[in-house]
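See structure below.
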C-alpha cells in the first residue's frame, strides 16, 4: 500500500493587509512540500478458495450445487408470502434451477466440464434468472392491487366513497371540471342534457293531459308554475356552463355556487323529476274518472311514464329518487284500493269473479234482468262498454294486477337508479385515478424535461430526442470565459472539507444564471462551469437569433452580460465580509462547432479556435476587466468603446493585439 502524505496542513487562511486600499483580504499562505509518488504496476494475485458443494434435493431430483443455493432460497422465502407452505419465489427459482441443471448436465455429456467451472455457471444463472424471477413475482402479486380499479372503495349500501376526501371531490366535481372536457361526458354538459330530457318529458305529459283530461283549474295553475320552474332550471344550467370556468360573470358566480352544491342539486333534481308525476295527480277527480271511459287507464299510463322519469339525473343520489318513486307508486296504490268514485257500480261488481269478456256480458245481462229490463237493452250498449271495468269503483282482480305491476316497476326503478349511480361512481373513480396517475406522469415528464433543458438547450434537446445525435457549425458566435482568478487562494479543504466554499461558489454561479432569465439576454446560453470559471455563448439558437433587428445583437447582448457579471461580483463582495473575488473575462467571436457528447450522460459543448482564443483572453487578462482580441474590438467598435492594451503572447497564436472593454457609446442601441 502506497504512502499517503497530505500537504493541506501547510495551506492556511490568513488576513493580508493591502496598503493601496487600506483593507484586509482573506488569502492563503502556502508552503511547498514534497510528497512521494508511485506507479501502478499490476494487481495482487489472491488464492480464490473453492466454494463448498453440497447435495440438495429439488423436487425429488438430486443434484450437486454450491451452498449459495440455500442462501438464495432463504432470501426468496423472506421476500414474499408462502403459497401452500412454499415460497412463491422459491418455487420459481427451483423450477428455473431444475431447467438450468438439466441443460448443464446435457452440456456436460457433450463437452469438457473443465472448460467452465460450476461456480461460474451458478453465478451467471443467479445474476440473470434470479432477479428476473423476483420481478415476475412482483408483477404477479401486483395483480391484486389492480382490482382496486374494478372494485373502488364504495359503501355498497349508501353508495358513498369510504374516503371522505374522495367523496367530497365527487360531490364538488360538478363545478371543478379539472379535465376541461367539452363533450357530453363532462358533468356540466351531462347535467344540462338531463334537465333538457326532464323538460321534454314534462312537455309530453302536459300535452296529453290537456288533450285527454278536463282542463281543470288546479291543473292549469300547476302547469303555469311548473313551466316557469322548468325554464328557470334550464337557464340556470346554461349560466353554469357559461360562467363555471369564466369568472368574468361575477354577478352570477354566487348564484351558481349555491345552486351547484350537492344537496341543492339533489333537491332540485328530485323536484324536476317529480313535476310530471305531480301534474298527473293534479288532474285526478272522481267526476273525470266516472264520465270519461278509459280515462282511468290513461291516468295509470301517465303515472307509469312519470315513474320511469325518476331514472333520469344519474349524477344525483339514487336513494332519494327511489324514495320519491316509491311514494308516487304508493299513492296510486292507495287511490285504487281506497277511493270508490262509483258506489253503485261497485255494488254491482260484487258478483264478479273474472274479467273475461263473456262473464262481463253475462254480468250486464243479469243486472238488466234484475232491474226489469228486457234482454234487448244489452244490444243497445256499445261494444267498448262490455269489457270496461272502472278502476276507482271498488276492489277487483284487475287492481291486484295493477298493484303487482307498481311494485315490480318500483323495484325496477330502484335497481336502475342503484346501478346507474354505481356505474357513474365507478367511472368517476377510474377517471380520477387515471387523471391522478396522468398528473404524476406529467410531473415526472416535466421534471425530466426540466433536467434535460438544464443539461441541453431547448432547441438542442428537441433534436436529440428525435435523432439522439447533434452537431452543428455556427458562425459569428460570441464566447466568454468568466473566471474568479483568486478562488483557489481562498478555497480551503481543511475547513469542513471545502463544503462552505463550494456553497459560496454555488450562490455566485446562481446569481450568474439568474441573469440569463432576463429578456435582453435571451440569446445568451450557459455552456458549463469549470471549477470557478463560467463559460457562456450567444448566437447558438438560430431561431432566436433571426428574430433580432440587428445582425450582431447577440454579440452586443453577450458584452452587456459581461458588464452584469462584473456588477454581480461587486455586489457579492460587498455582501460578504472579507471576500474580495476578482473576476477576469475573456471575450471572442467567430465560428464554432456545437454538439452533444455521450449517450447516457449527455454533455453539450462547443469547440473551435474561437473558444481557445476566448480562454486565452481571460487567462492573460486584467483583473476586473473584459479582454477581447483585435477582431472582436473591430466588430463591436461601432456600438462600444475599447481601449488598446498591448500585444500579448497567446499559446498557439503567437503575439496578438488585445483590447479592454470600456463601455457603450452614447446613444448606441441595437434592439
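The backbone N, Cα and C atoms fix where each Cβ goes, and this holds for glycine too.
Annotation source TrEMBL lists domain 'Guanylate cyclase' at 478-618. Taken from TrEMBL, the feature transmembrane segment applies to 192-213, 219-241, 262-282, 294-311, 323-339, 388-416.
Helix, strand and coil content of the domain 'Guanylate cyclase' (478-618), in residues and according to DSSP, is 65 helix, 40 strand, 36 coil. The average pLDDT computed over the domain 'Guanylate cyclase' (478-618) stands at 89. Contacts between the transmembrane segment (192-213) and the transmembrane segment (388-416): absent, as fewer than 3 C-beta pairs lie under 8 angstroms at sequence separation of six or more. A contact links the transmembrane segment (262-282) to the transmembrane segment (323-339), because at least 3 Cβ pairs that are 6 or more residues apart lie under 8 A.
Looking at 219-241, 294-311, 388-416, the range that has the most CB pairs within less than 8 A of the transmembrane segment (323-339) turns out to be 388-416. By the Cβ criterion (distance under 8 Å, sequence gap of 6 or more), the transmembrane segment (294-311) is not counted as touching the transmembrane segment (219-241), fewer than 3 such pairs being found.
Beyond the ends of the transmembrane segment (219-241), by six or more residues, the same chain brings 175, 188-189, 191-192, 195-196, 198-199, 202, 206, 209, 213, 249, 252, 255-256, 259-260, 268, 271-272, 275, 278-279, 282-283 to within a C-beta distance below 8 angstroms of the stretch.
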